[in-house]
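Per Swiss-Prot, the features are as follows:
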REGION    1-36  region 'Disordered'
REGION    64-254  region 'Serine protease'
ACT_SITE  H102  active site, charge relay system
ACT_SITE  D133  active site, charge relay system
ACT_SITE  S216  active site, charge relay system
DOMAIN    271-356  domain 'PDZ 1'
DOMAIN    749-835  domain 'PDZ 2'
Amino acid sequence: MTIQAHKRTLSEVSTSSVGQLKRREGYTEDYTDEGSDIDMPEYVTDSANNQQWQDTISRVVQSVVSVHFAQVAPFDCESALVSEATGFVVDAKLGIILTNRHVVGAGPFSGYAVFDNHEECDVIPIYRDPVHDFGFLKFDPSTIKYMNVQALELKPALAKVGSEIRVVGNDAGEKLSILAGFISRVDRNAPDYGELTYNDFNTEYIQAAAAASGGSSGSPVVNIDGYAVALQAGGSTEASTDFFLPLDRILRALRCIQGSQPITRGTIQTQWLLKPYDECRRMGLSPESEAKAREQFPGKIGLLVAETILREGPADKSIKEGDILISINGQMICSFIQVDAILDENVGKPITLVVQRSGIDITVECTVGDLHAITPSRYVEVCGATFNELSYQMARYYAIPVRAVFLSSATGSFCFDTKEKLGWIVDEVNNQPTPTLDTFIEVMSTIPDCSRVTVQYHHLVDQHSPHVTTVYIDRHWCNEFRIFERNDETGIWDYKNLADPIPALPLKPQTAKFIDLPISNPKLARLARMLVMVSTIGPVPLDSVDPEPRKAAGLVLDAKQGYVIVSRRIVPHDCMDVFVTIAESVLVPASVVFLHPTQNYVIVKYDPAQVQAAVETPILSTERLKRGDKVQFVGYTHNFRSVSSETTVTDISSLSIPSNMVPRYRATNLEAISIESSVGSRCHSGILADDDGTVRALWLSFLGEKQDEKDKIYLMGLDLVDIGEVVEVLKKGKIPRVNIVDSGFGSISVLQARLRGVPEEWIKRMESESENRLQFITVTRVSYTDEEQKLVSGDIILSVNDQLVKQMRDLEGIVTTTDVPAVQQVLRFKIVRKGSIMDLDIKTIEVEETSKIVIFAGCILQAPHHAVRQAMLNIPSGVYCTFRGQSSPAIQYGISSTNFITHVNEIETPDLDRFLEVVRTIPDNTYCKIRLVTFDNVPFAISLKTNYHYFPTSELSRNSDTGRWIEHLCNATPAKN
């Protein structure tokens, strides 16, 4: 059975009342008035019962609130998220709301509560239980002005089998839902929600069939008299079974808070399970002990049996799995509530337990530990990842000591696995053991920026498989090294900075030796000296490209100057670290020199002085490939092993890659090469060469659309003749600039051209001059422009500057250099539009790469990048949301990726500079009104509350002189050092 812990699925629930079910089934029951022997009709009793329930519910809803919350950072086993749940007031004077622990969360929390009359108030967490699924939020009662807030009274003793109950909450995220049911069990073990997530244990749970779903977590379970008898906690996704937490220990915690007393929580680091007597007998329970227990507890079904005892815990080597708990401190035990009561009152004190092992009573003495002490209350941010001490939650599930550094967010430098982000334990960093968080902090504070250090780690699921890898220490993009600590007085996790970044160590030249390719032809074998590996690490999802590590082979264009060409899928923009690996031996940093706007290649530059190796400059072909040409394919597989094969060019045609739903870079307007050999489908990078070693084409990976949350990759070749002008500019020591006609083009057959109005003389001219393929080029889409003369979709291109357009290459960009002033080129187009020939003067543009972003409320804002302009006919604003972070106010209040922000507090924000000016004036923890436009040009407005403590406003921009990206904080709360 699949168990649903957090109850967040949005499924509609329709539950008939029990009375209605009885009537449908023809069920009748006799009711007699006291002192009377007259049977009352069923409808009379149902009517009275329903009226009492209506009166009760009308009172209860005054106490129930909808909790809108964000767990703002990944912590322990809980990911960052935004959600809704339920809570209810348990102390109206102090302003205390009871809800679930998985709502309050173990980590940082931000949220607000909405009462039944739609009054809103901020809430802060004041307590979350280390084990049991309950926590308390606090609000200011004086902020609720239009209703009399009522507290529900907790009556745990009224939860009995057969009791009729109502679950009053926000089921499936609705404002108010009332679900009916009957309590069927009061002695089931806590549900198991699976590994690597929060689980309650060492408590009884109450079971009922109420079919509650997402949003009902934290709902009060009330009886007909309006008393809260349990707390909604979880349920099954495959049945209408719900699990309620008993209120006994919750009531004790509430009284401690009301009396300003600490909520002590004791533990001997042992998990018990309630097992029925028949199982206990099989485990060795003696007949005498069973008889005594049944006599002492006539209504109980079994005893507690030890399930897990943690190593190095108070009960280690004293209690063993399968031991049956008989008594503690002379008090016979039959329930978890008794155990909790004794442990909580004896923290730091010795206790005496009697357990039965194979029919023999064994007396054990343990010192009760502090449960709060083994519950993490701080975490560290460094290198883009977050760490905390291993929690009792995780240690208990995997039966390991509560002592380790737990990687709660495997991102940034510590992204060990792109698929598995949770469950990693860091054992060593830089060959130094890290058994505790404090030791980890000491080790990390000594490592310079840009270092590569060895890390040993393992996963909780597989304790037997240690892993060793080398990680890149990023303290420049992710320069924060700080520790957050929970403050239960304010509800905020205060942070302090731990250490400033240590500057990177100077590079030293290193030697490397190439191993030639295993090819009999020596000229082809030497191609290995012209191929290097290019890898990238990106800190932010700029231009809507996921910030994941990428790697592929690149071709050296100029060994003396250190120029390398590689697929733009590997280097989508320049806001990242780029590295070149030479001969699988030497790793050196590189910088982005040139990004082609349409042809899917990037040129990067490394410092040749840092490498002492026989890197060679290839001979690049000046003759285009044709269909049927024989070439040698040299490529690299997914595990970066070189392969080679003789192959044939099978096709050269215009490229057509589908656009992604969220616009991002894709190659357009180029002639792509296909080959016969299947080896090309296994290689994401490589080259095509002649037998004399002349390089004819690049084999590149092209980023396509997302399918099932995975990027689709296309593999094709790019003729090196197409990049000849750019290479010549680079060899002269200059930086190229490309002006393009910013439209999308495709090809159509001669038949289609004739049917769409192309005159016969142009068709004859095409037939006489075309050498490779008979086709016409047509406009498939037009980028956003405010020019009067512009191309439109469906135009057929006849000529440009009186030159016949026979293929996509005839529309290539105009290459100039950056050392001369930019001049907007104008091209004379002759086209066929709706059957008529037209002449147009079309201006070319230089595509501007993104050079500035603003991070506000957890979303990344930038000017609309080229892919957005390619996809839209109208740009509503110069402030475009390209990404939004988990648990951010942007998600909580409704800013989506691909939205444009047009106004903030009714002030127009046409660009990022104006937007920054406006948001700088917005105070922390206040609402602002934001007007937006969707990608489909649908305007809407939201209100958003700022949270600068966890989501500061910052600006990241590229310095035009140095090319370095620099961050400036705009709105943030100070550290408490």
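Yeah, the Cβs are placed from backbone N, Cα and C, and that goes for glycine too.
Note: the domain 'PDZ 2' (749-835) comprises 20 helix, 26 strand, 41 coil (DSSP; helix = H, G, I, strand = E, B).
For the domain 'PDZ 1' (271-356), the DSSP counts in helix, strand and coil order read 25 helix, 28 strand, 33 coil. D133 (active site, charge relay system) sits 14 Å from S216 (active site, charge relay system), counting Cα to Cα. Straight-line distance linking the Cα atoms of S216 (active site, charge relay system) and H102 (active site, charge relay system), rounded to a whole number, equals 12 Å. Within 10 Å of the C-beta of D133 (active site, charge relay system) we count 31 further C-beta atoms, all protein chains included. The DSSP secondary structure for H102 (active site, charge relay system) is helix.
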